[in-house]
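Novice: Pulled the feature table from TrEMBL, pasting it below:
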type: BINDING; residues: Cys34, Cys37, Cys69, Cys71; note: [2Fe-2S] cluster binding site
type: DOMAIN; residues: 154-340; note: domain 'FAD-binding PCMH-type'
type: BINDING; residues: Ile182, Val183, Thr184, Gly185, Asn186, Thr187, Glu188, Val189, Phe262, Asp285, Leu330, Lys348; note: FAD binding site
type: BINDING; residues: Gln663, Phe694, Arg808, Ala975; note: Mo-molybdopterin binding site
type: BINDING; residues: Glu698, Arg776, Phe810; note: substrate binding site
type: ACT_SITE; residues: Glu1186; note: active site, proton acceptor
Amino acid sequence: MHGLAVTTVEGIGSTKTRLHPVQERLAKSHGSQCGFCTPGIVMSMYTLLRNNPQPSVDEMEKAFDGNLCRCTGYRPILEGFKTFTKEFQCPMGDQCCQKMKTPKDSTDNGDSVQEQNQDLTTANTFTPYDASQELIFPSELQINDVYDKKDLVYKSARVTWYRPTTLDQLLKLKSENPDAKIVTGNTEVGIEVKFKNMLYPIIIAPTSIPEMTECSKTDSGLCFGGAVTLTEMEKFMKKFIEKLPAHRTKVFVAVVEMLRWFAGHQVRNVAAIAGNIMTASPISDLNPIWLAAGCNITVMSKDGGQRNIPMDDAFFQGYRQTVVKPEEVLLNITVPYTKQDEYFHSYKQAHRRDDDIAIVNAAMRVMFEPGTDVVKELSLAYGGMAPTTVMAKTTMKSLIGKHWNEDLMTASCQLLADDLPLSPGVPGGSESYRQTLTTSFFFKFYLTVLQQLEANKKDLPGQPESDPIGRPIVHKSALEQTTGEARYCDDTPKYEGELYLSPVLSTVSRGKIVEVDPSLALQQPGVVDYISHRDVPGSNITGPFADEEVFASEKVESQGYIIGAVLADDQQLARRAANMVKIRYEELEPIITIEQAIEANSFIPPSYKLENGDIEAGFKTSDHTIEGEVRIGGQEHFYLETQACIAIPKGEHGEMDIISGTQSPSDTQNMVAAALGVPNNRVVCHTKRIGGGFGGKESRSIIIAMAVAIAANKHNIPVRCMLDRDEDMVMTGTRHPFLARYKVGFTNEGNVMALTLDLYCNCGCSTDLSPSIMARAILHSDNCYRIPNVKLNGYMCRTNLASNTAFRGFGAPQGQFVCETWMTQIAKYLNINPEKVRELNLYTKGDKTPFMQDIEDNSVRYCWDEVKENSKYEKRKETIEEFNRNNRWKKRGLAMTTGKHGIAFGYHVLNQAGALVHVYTDGSVLLSHGGIEMGQGLYTKMIQVASRALSIPHEFIHTMETATNTVPNTSSTAASVGSDINGMAVLNACKVINERLEPYKKSNPEGEWKDWVNAAYTDRVGLSSTGFYKLVVTKYPLHLVSSGGLVVKHPALGANGRRIPDIGYDWKTNSGNPYHYFTFGVACSEVEIDCLTGDHTVLRTDIVMDVGKSLNPTIDIGQIEGAFVQGYGLFTLEEQRYSPNGFLYTRGPGSYKIPSFSDIPVEFNVSLLKGSSNPKAVYSSKAIGEPPLFLSSSVFFAIHDAISAARHDAGYDNYFTLHSPATAERIRMACVDQFTKQSNYMTCNIPFNIICDPEFRNMIKMLRPGYKPPTRHVTDGDLLDSVLSKIIEHMKTHLDGGDVTVVRDGWSGINNIPVIAGSDKSYFISTIDTGTNCVVSRNMILLCLRHRDTMLHVPRQNL
């Protein structure tokens, strides 16, 4: 940072002085919820304005490329900041149509939110932005460059960092230290040092060397110094794109377009061109462009002088290797101009469009003979298809001289397949998808160039703006969050002598601990201690069901299991030392998948069973039946603030303060006290706010608090821990993956008559909250549809993954997803619109659920009708059908889905809350309750409740924190009931205060609040009151049984539990009410998919949600949008990847992608149902946190609809199963065409997030189309004998040693799975004739592995 001026979010504005307009507008536009991401978003916008005081909307949206938010859904952020853009500044001033009130989105009384409240984006409600009033850049940096010309050297115990200022100095340093890393932005080396524990003793920064930081124009192209940043390169290229003729700048246009999806804005500001080239990543986004364009680089060394190197197919020598010598420095790169008759385009496919590493990328250049379509030159460069960026040399050579027509395209397919092979089991997996992308990219290039040749290029439609929604009562912490003043756990100032804890984690999924040796770690200066189970003074047991250990004592059950912890002076040292602890294991065979758990009979009791009606009669009265199987994957919480805790010993009586980022302060208090061996009253847990939770901090935060408290207790000194992202992801578990097998009976009209359903969930290595999650999944498997006869079973699978846990929706989205899947299958079977089947089966007045609860205040049909009308569903359906008829490689889909979410804790004891109200003599009120503020606006809503109850302005009321010494025995803030139960407790507390003040109000009716308070104080009347509320619904007890039903255990209960005659459901008799009421919603989404890549765009989403009488419509709408976008990630983007032994590959933002700004619907309309009321909750409101999440499945089923249109064009009209998430790979491979057939794609029923054993997959390759024996033609029998013997040997060795049976011509069809008594571990291999309808050929080998319910269908050409 030497010689630089640094401005932080605290420096641009404060609530104590003045807010910067960026901070104010974000807060007042309701763009901050949990607030942990807010400072970064503020500074991105502030930086944009400092560089461009009046940006365009497009520039504004691009400024957030590197920012992520998990709460808001992004829309309110963009809407608030649009007020800075040039498009918003209209000559009409306040009369501009954008600033007038528009009745687009409605609240409960039918008025628009804007009509009820001030328009949030009216310019006169915001402080005007004046760029001239910004902070002045330091004059000492403006008037001289002395800091830039100074040589710098910094040394530490391990690293020496140089910043030379001349090229000669740089060359000398590199000559003396050829292995030194030249670092500009540290975007690659920094990651290697932090996450791969790499050490680079010598680092050289070239940022002050003029020759390496210049951009220039030459006769042959644009020249960029090696240290030029990507942002500087982009700006320079854009300048010449505007100046030069279009035919000369096609490479520059491709680079600028690729940079739009290259990392984030912040990374591009510091990352350099040379760094991108020299790291030689095989998935670099720019290297294919440099190769295809024929760029040249200049390198230089002290002894070898200067030389020019062409970037061609010989430039990359191997993985992370180039032809540049170790002592050479990349001086510059020249990017050439293009010529007339030359065309250039680049392509990239990633899991997420922006800020994501590529799966496959490519750059393509073609030059034609002048005035013709005959290929003169062709360059095709690909990334992601080999250990290096490669060129398809055979294809390039073979297509020279050919006409640009269909014959060329047809020939290129096989040529590319030969040029770019992928062996099974290659790093990164997804071989078939990647091979398909190579031809798909070329096909896109072919079509684009063909259109340009025909001068018939079409423009894509722009993105419409959506109207702002909300009211001006903003989130109570919004201003502090925008200024950086809001404090989270790790913002707590460091205590004197404080130590940092870093956990030592298991690296095996299942095994016995043989030896732990921390000696090397303890030798490091600054390392204080190693903490293990031997240091626990109380109980080492943890978990809601007491089946986990804080520190593993004898065995580990998953990777990421805590074995011990290192205490050190700071975080970096602690983590480095933790990696030095040596652990020796006796490894055991792990169970990773649901199928493995089923085979091993590895279940967590109990199994759930729900039967209603007569299932046999239901199927008999059905005209048709369908069966199916579908999966939904897990989901990482990815809260922006990782798990964090500080433990502060008080020095006497075993007292300890815990500052924890938790949703469960009382459970944290209880478990920490148990670990320390002290009563609960010696431990106080404090939580100010948390930076997102979503259920991930309900139970999994507690083990971190226990470990930190044990260490603090041992040394009697404060101890702090905040997990790094990779630690958090590998330790804390996710949403439960589910597997469902169903059978449905229905009539000719589509009325559902019967359902049998088996649900299996992957619980991970402990019970945690899985029983309640499975119960809710079963109880939501009807979604919003009447099913008269059901038989539902739920099984919880114990595996050796990190224990999966609560996540927004808590099992309901999984059960609802299965329901909507078979609804779609029914519609396909009957050849009718899926929405007609859904509407036909919707609950009506008087219906009961399968668990016999009345559907009171059923509003789902009202929501359905309103969405259908608002979205213009029927008209758009016709438009989409017309679009699909006219477009082969782009398809659109439309879908409506419903959501019904039961409101109450599944465990009835938790349906209670407390509150504490203090009234002070100045009239101010301090409000405390048991709820945690985690971005959902709970503190704000509770202040509004108290404000109305006490009839005072909300500004009089403040909530400081949630702590167990103010409100004891709190329930977790979860299950969407935070407002319901805490709000009623607040009401009850305020009621007492009102009763005490009533005499003074009557005696002084003209007085004010402060007068009455002081009068009561003078009379010595108590001005503090507690409030308590418990949810009571039915007379039914919750029966506790040992098997066949719900087993309830909880730390607060004895071993046998206890019976409470409140809300509850009896699984044994199918009676009682598990829920207080239901929240309903309906969504309609339209998508467009790219059939060649699998990419998709959400064009429009309309939502109508029943929230009763909303406590705060802006907060509720924010919750709807945030939940929808989070659910969108669940159903389309977010996919976890494991190795077969349980290693988590997706353990950071580089490999695990949540939705970003560019993923939200182009048009996003949210309405609250008019005229709704809910007498069962505070002020007739309804719970809102979880219910909207499942509505994002409308995007998933719209994608399914679009894929169906693509398959129809290819001649496939049969129903197909689409598993969740609908990733780009899954979409692309479902759009069957000539390119997918060419890829040898295997339909594989193994879990899609398990990367298969490479050895086994290589054997399978021998059965694929195109396999040629090396010496002679073989017969069917020869092939089986030679190939299958190897597979059989592999099975016996690696797959539990089961018997192997070869069955020839033994089955009648590929869908029949033989079941032979006593042969659960047998493997069957058979050749069959699949009939004339087989796509590949009539002859097929069916390889069916009766192992872990896995079956592989392997196509084979003529044998």
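For all residues, glycine too, the Cβ spot is worked out from N, Cα and C.
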Novice: Could you check the binding-site residues Phe262, Phe694, Phe810 and say which one's CB has the fewest neighbouring CB atoms inside 10 Å?
Specialist: Phe262
Novice: Can you tell me which recorded positions out of Cys71, Ile182, Phe262, Glu1186 are within 10 A of Phe694 (Mo-molybdopterin binding site) by Cα, answering none if there aren't any?
Specialist: Cys71, Glu1186
Novice: Please tell me which one of the binding-site residues listed here (Cys37, Cys69, Arg776, Arg808) sits closest to Glu1186 (active site, proton acceptor), measuring Cα to Cα?
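Specialist: Closest candidate to Glu1186 (active site, proton acceptor), judged by Cα separation, is Arg808.
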Novice: Which one is it, among the binding-site residues Cys71, Asn186, Glu188, that lies nearest to Glu698 (substrate binding site) by Cα separation?
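Specialist: Given the candidates Cys71, Asn186, Glu188, the nearest one is Cys71.
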Novice: When you average the Cβ positions of Glu698, Arg776, Phe810 for the substrate site, which other residues in that chain have a Cβ within 8 Å of that mean position?
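Specialist: So the extra residues in range turn out to be Gly695, Leu769, Ser772, Ile773, Ala806, Phe807, Gly809, Gly811, Gly906, Ala974, Ala975.
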Novice: May I ask for the distance between Cys37 ([2Fe-2S] cluster binding site) and Gln663 (Mo-molybdopterin binding site), taken between their Cα atoms and rounded to an integer number of Å?
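Specialist: With distance taken Cα to Cα, Gln663 (Mo-molybdopterin binding site) is 19 Å from Cys37 ([2Fe-2S] cluster binding site).
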Novice: Could you measure between Leu330 (FAD binding site) and Cys69 ([2Fe-2S] cluster binding site) for me? Cα positions, answer in whole angstrom.
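Specialist: Given the Cα positions, Leu330 (FAD binding site) is 37 Å from Cys69 ([2Fe-2S] cluster binding site).
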Novice: Taking each of Cys69, Ile182, Asn186, Phe262, Arg776, Phe810 in turn, which of these binding-site residues have a Cα lying within 10 angstroms of the Cα of Ala975 (Mo-molybdopterin binding site)?
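Specialist: Cα filter at 10 Å returns Phe810.
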Novice: Any idea of the Cα spread of the Mo-molybdopterin site, Gln663, Phe694, Arg808, Ala975, as a max distance in Å?
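Specialist: Greatest Cα separation within the listed binding residues comes to 13 Å.
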Novice: Neighbour count, 10 Å Cβ-Cβ cut-off, for Gln663 (Mo-molybdopterin binding site): what number do you get?
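Specialist: A 10 Å sphere around the Cβ of Gln663 (Mo-molybdopterin binding site) contains 29 other Cβ atoms.
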Novice: Within a 10 Å radius around the Cβ, which one of these binding-site residues has the most neighbouring Cβ atoms: Cys37, Leu330, Ala975?
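Specialist: Neighbour-count leader: Ala975.
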Novice: In whole Å, how far is Phe810 (substrate binding site) from Asn186 (FAD binding site) when you measure between their Cα atoms?
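Specialist: Distance between the two Cα atoms comes out at 40 Å.
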Novice: Just to confirm: which same-chain residues, 6+ apart in sequence, have a Cβ under 8 Å from the Cβ of Cys69 ([2Fe-2S] cluster binding site)?
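Specialist: Within the chain, Cys69 ([2Fe-2S] cluster binding site) has Cβ neighbours under 8 Å at Cys37, Ile41, Ile77, Leu640.
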Novice: Can you tell me which of the binding-site residues Cys34, Cys71, Thr184, Arg776 is spatially closest to Gln663 (Mo-molybdopterin binding site)? Compare CA atoms only.
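Specialist: Smallest Cα separation from Gln663 (Mo-molybdopterin binding site) among Cys34, Cys71, Thr184, Arg776: Cys34.
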Novice: Could you check the binding-site residues Thr184, Asn186 and say which one's CB has the fewest neighbouring CB atoms inside 10 Å?
Specialist: Asn186
